[in-house]
Amino acid sequence: MASCFHPSAMATSHREEDSIILFSASNSPDEFSSASSSFSSSPLPTPNRYSLTVTNLSYTINHTPILNSVSLAAESSKILAVVGPSGTGKSTLLKIISGRVNHKALDPSSAVLMNNRKITDYNQLRRLCGFVPQDDDLLPLLTVKETLMYSAKFSLRDSTAKEREERVESLLSDLGLVLVQDSFVGEGDEEDRGVSGGERKRVSIAVEMIRDPPILLLDEPTSGLDSRNSLQVVELLATMAKSKQRTVLFSIHQPSYRILDYISDYLILSRGSVIHLGSLEHLEDSIAKLGFQIPEQLNPIEFAMEIVESLRTFKPNSVAVVESSSMWPENNENDGIISKKEAFRVLDVTEISYLCSRFCKIIYRTKQLFLARTMQAVVAGLGLGSVYTRLKRDEEGVAERLGLFAFSLSFLLSSTVEALPIYLRERRVLMKESSRGSYRISSYMIANTIAFVPFLFVVSLLFSIPVYWIVGLNPSIQAFSFFVLCVWLIILMASSLVLFLSAVSPDFISGNSLICTVLGAFFLFSGYFIPKEKIPKPWMFMYYVSLYRYPLESMVVNEYWSMREECFSSGNMGCLMTGEDVLKERGLDKDTRWINVGIMLAFFVFYRILCWGILLRKASKSTH
């Protein structure tokens, strides 16, 4: 199996001086030879100018080889395009180089070098490499400028507000986003159109370029774009590589003729192995030596994809291999940048404040969460009030109050499901941002709590005020205040549960099914349908973990404790049922409601801690 390898920097004005450089997949790093002497006079790279070398990179998953002895060299100021059929390992290669794949799964002989220095801590790659995934994981309800400003706040901690503003303005100008800077990013669908696909891709690139990484990796940046937008994106990358002296690698499936003009070198993969690495001219030479003629309607890359099996078997007479470190003499100025480790940050109040600000904007702009949720609470409160208007203080009224409490709980707990798609959408952004060190997941959870708790308190008030006074529940202000507290805690518990289940659910359908199943089980074992004494022992644990049980008991105690001497049913023998009898029948007393408040708070915190743990684990394995 042979591969063509020729860094474009070796090209001279005389074609006969060019050499087709090939290497076998079995070659070791020791077999690399020096480049021509023309590189000895090359100036040292300036700080943050990096050359990248990958040698013998092999990667296997579940005994299935994904990459087989892949070697490459990439220079700053130029673009290296990774080309190959679908499933050939292009995305995996970029993720490994960017430090987004567990390096323990790599072959021990595999190595990634920057400026002739081997990277031993693959976490450094996340800091040195910007990575733009194929999917544009952005928050649709932020404007283009807001998206970049928040990225700058998270990434440029040591910069002043003015410096961050200038950095954002510069990127908006460089990437041609000035005219859409105040437009919402959107998702590209009919309901939330936002900016165009090409503009959204440029926003994704800008987000990565905020911190000015020396190496930029992009996974299929032209995927889903028309030819015009694809050309604009590649042209932008080429301009940025030259003007900023950045090393750019991206995968592409089938580049057009016009795109080829902006790419310096090509790495062609087939079945995880290198088929060609070098310039377009050298690929044409290899194709010609095989006896093929490139059709006029196809460019060399497209034709190479058609004859990839022939290229796999092509073995040249002579082999010479170049290590990229020979292009760039070892640069001591960058040593500190490569070896520097980020200091551990304690609880960052500024980080949390930025996240809180972003959450508040998203809540306000999310119609189904802000407007629909508030209107839903008001309508439900008025609706229940109209059904249970002025309940009587008799035995029938006692049963109706219990039904009101149970239905209210069912409504309040199930109404939080509508936040599931929002959490799932944010989770993708969270994985990307937290995995690259923008902020910690603990900060995200704290900010989420701070932003949502006041909003959910407003929702609880909007529900409680109409239903409480129209129904005619316990008229004391203390009882009303506790009812509002109870409703608030119910919603908080439910939001934590949904947040936790969104962390373990792969998509909306499975998440919605899981939430409905869990809530249904909690309601069944709340003690409303089946008394505690009748619950089978194997299911008794559900009675204690049910989110319905504790608020239901608290509402009953709140309603009848101050009226425990009041008679709700009388007969010839006198009073047959007092408020105290109602409580005794359910095994409740005054202390129950405050104990239950503590338990509800514990559930609220518990589910958020579980969510934090799951997200933390997922972020550590994230490839975004």
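Heads up, the Cβ atoms here are built off N, Cα and C, so glycines get one too.
Among the features that Swiss-Prot reports, ATP binding site is placed at Gly84, Pro85, Ser86, Gly87, Thr88, Gly89, Lys90, Ser91, with the record citing sequence analysis. The Cβ of Gly84 (ATP binding site) has 25 other Cβ atoms within 10 Å, all protein chains considered.
Taken from Swiss-Prot, the feature domain 'ABC transporter' applies to 52-296, supported by sequence analysis.
The domain 'ABC transmembrane type-2' annotation in Swiss-Prot covers 350-560.
Sequence-distant contacts of the transmembrane segment (369-389) (same chain, six or more residues past either end, CB-CB distance under 8 Å): 363, 400-401, 404, 407-408, 411, 415, 418-419, 422, 455, 458-460, 462-467, 469-472. If you look up Swiss-Prot, you'll see 369-389 (among others) marked as transmembrane segment.
The transmembrane segment annotation in Swiss-Prot covers 402-422 (among others) and is backed by sequence analysis.
Here Swiss-Prot flags 450-470 (among others) as transmembrane segment, drawing on sequence analysis.
What Swiss-Prot records for 480-500 (among others) is transmembrane segment, and it gives sequence analysis as the kind of evidence.
Sequence annotations record features per position, and here Swiss-Prot assigns transmembrane segment to 511-531 (among others) based on sequence analysis. Here the transmembrane segment (511-531) has Cβ contacts under 8 Å with residues 402, 406, 409-410, 413-414, 417, 420, 424, 497-498, 501-502, 504-505, 539, 542-543, 545-549, 552-553, 586 of the same chain, all six or more residues outside its ends.
Residues or ranges marked as transmembrane segment by Swiss-Prot on the basis of sequence analysis: 595-615 (among others).
A C-beta separation below 8 Å, combined with a sequence spacing of at least six in one chain, links Thr88 (ATP binding site) to Leu269, Ser270, Arg271, Gly272.
Within the same chain, residues at least 6 positions away in sequence whose Cβ sits under 8 Å from that of Pro85 (ATP binding site) are Ser270, Met305, Val308.
When pLDDT values are averaged over the domain 'ABC transporter' (52-296), the model yields 88.
Other residues of the chain with a Cβ within 8 Å of the Cβ centroid of Gly84, Pro85, Ser86, Gly87, Thr88, Gly89, Lys90, Ser91, the ATP site, are Ser251, Leu269. With the fewest other Cβ atoms inside 10 Å of its Cβ, the least crowded of the binding-site residues Gly87, Gly89 in this structure is Gly87. With a 10 A radius on its CB, Lys90 (ATP binding site) counts 25 other CB atoms from all the protein chains. Listed binding-site residues: Ser86, Ser91. The one with the lowest count of other Cβ atoms within 10 Å of its Cβ is Ser86.
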